[in-house]
Amino acid sequence: MADDASIRPARDLSIPRHDWTLEEVEALFARPFMELVFEAASVHRRWFDPNEVQKSQLLSVKTGGCAENCGYCSQSASFKTGLKAEKLMEPTAVIAEAMAAKAGGASRFCMGAAWRELKDRDTPKLAAMISGVKALGLETCATLGMLNADQAKQLKEAGLDYYNHNLDTGPEYYAEVVTTRSYQDRLETLQHVRDAGMSTCCGGIVGMGEKRRDRAGLLHALATLPVHPDSLPVNALVPVGGTPLGERVLKEGEIDPIEFVRTVAVARLVCPKSMVRLSAGREGMTPEMQALCFLAGANSIFVGGKLLTTPNPEEDDDAKLFALLDLKPMPLKIEARA
Ligand code: SAM
Ligand code: DTB
Ligand code: SF4
């Protein structure tokens, strides 16, 4: 006769949970690859149309000269990367770029600034950009470094839908990546963003020399947040010459593409209702690799020929990719939250 354990139905992986343990997340990474991708693809279908991919477009509205020392970043003033620092763009110029992004098929426009934290003197200009972009009928996103509670409220009032603030890696590897801020600093800004009623965009970077345990640590941190990120960007490190982590990867080689796909699949499993974004690094990925990522649950990308400071596939390349894989752009809707 069957004992209790064998008749108990297997846990439904598609229901969002916030009580993941690190060991459980590591166990997902260790699943046979075919099983892992199949399970992630099944969960993806439970919440989303697997043929739909959402498109966001980035613009660097304040480039370079950043006070943080993130070891991967072209924009940190701590490293000689050859990038020219620029001042904050004028709202009219930003709105013109957003119009072009909309014409190119983007449904969300993300404004990025190379700041450690937002300064109150810059908020009016940011608010003008945000409300102008919102008035075009685009979803708005910004990534401006740390925010306090008041600043988060002001950005929300200006019409900001999403705030991007990445945890980047697992807590144990964090100090190898950046020392000018802490994991706790990041978590506090995310709390202010949620308290202000904005949606969160929060993920990390894969391929910085971290171990699988650190990738599991990142996804564990995201899956145990009070609210799962609405968008979860999985970036592949774009190695930038002159940055410590970029130089290291240029010397030691990039992460195994299959391990990257595993990370996407585990992200889909631990945050089943999040939009998982195949983010930086697509420029170096074959169509086959991107297809595997979409199969494993990625359902969002950055479009347009440039990310913030580095190249991204051009509109024509992505049109070909979508045609090849029978993908269609996701219609505009505010995403479900876990
Ligand atoms: N300064 C703000 C911040 O760090 O939160 C916003 C801009 S920052 C460039 C946004 C995110 O881009 C970072 O958190 C990081 O995850 C990602 N990123 C930056 N440089 C990258 C690179 N070379 N490769 C992959 N992702 C990168
Ligand atoms: C995210 O996770 N990736 C985007 C966006 N959020 C802001 C940024 C990628 C930047 C890649 C390096 C660059 O272009 O400077
Ligand atoms: Fe500054 Fe953001 Fe780059 Fe870090 S990732 S150096 S905070 S721009």
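Just so it is clear, glycine is given a Cβ too, placed from its N, Cα and C backbone atoms.
Caution: TrEMBL annotation is automatic and unverified by curators.
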Query: Considering the [2Fe-2S] cluster binding residues Cys110, Cys141, Cys201 given in TrEMBL, which of Arg31, Arg268, Arg277, Arg282 is annotated for that site as well?
result: Arg277
Field: Output field, [4Fe-4S] cluster shell: CB within 8 Å of site CB centroid, site Cys66, Cys70, Cys73 dropped
entry: Glu68, Asn69, Tyr72, Ser74, Gln75, Ser76, Ser78, Ala114, Val178
Field: Integer Cα-Cα distance in angstrom, Cys110 ([2Fe-2S] cluster binding site) to Cys73 ([4Fe-4S] cluster binding site)
entry: 18
- prompt: How big is the gap, in Å, between the Cα of Cys73 ([4Fe-4S] cluster binding site) and that of Arg277 ([2Fe-2S] cluster binding site), rounded to a whole number?
  reply: 19
Message: Rounded to a whole angstrom, what is the C-alpha distance between Arg277 ([2Fe-2S] cluster binding site) and Cys66 ([4Fe-4S] cluster binding site)?
response: 25
- prompt: Where ligand 3 binds, which of the binding-site residues Cys70, Cys73, Cys141, Arg277 are close by, with Cβ under 6 Å?
  reply: Cys70, Cys73
Message: Quiz question: given the binding-site residues Cys66, Cys73, Cys110, Cys141, which has the greatest number of C-beta atoms lying within 10 angstroms of its own C-beta?
response: Cys110
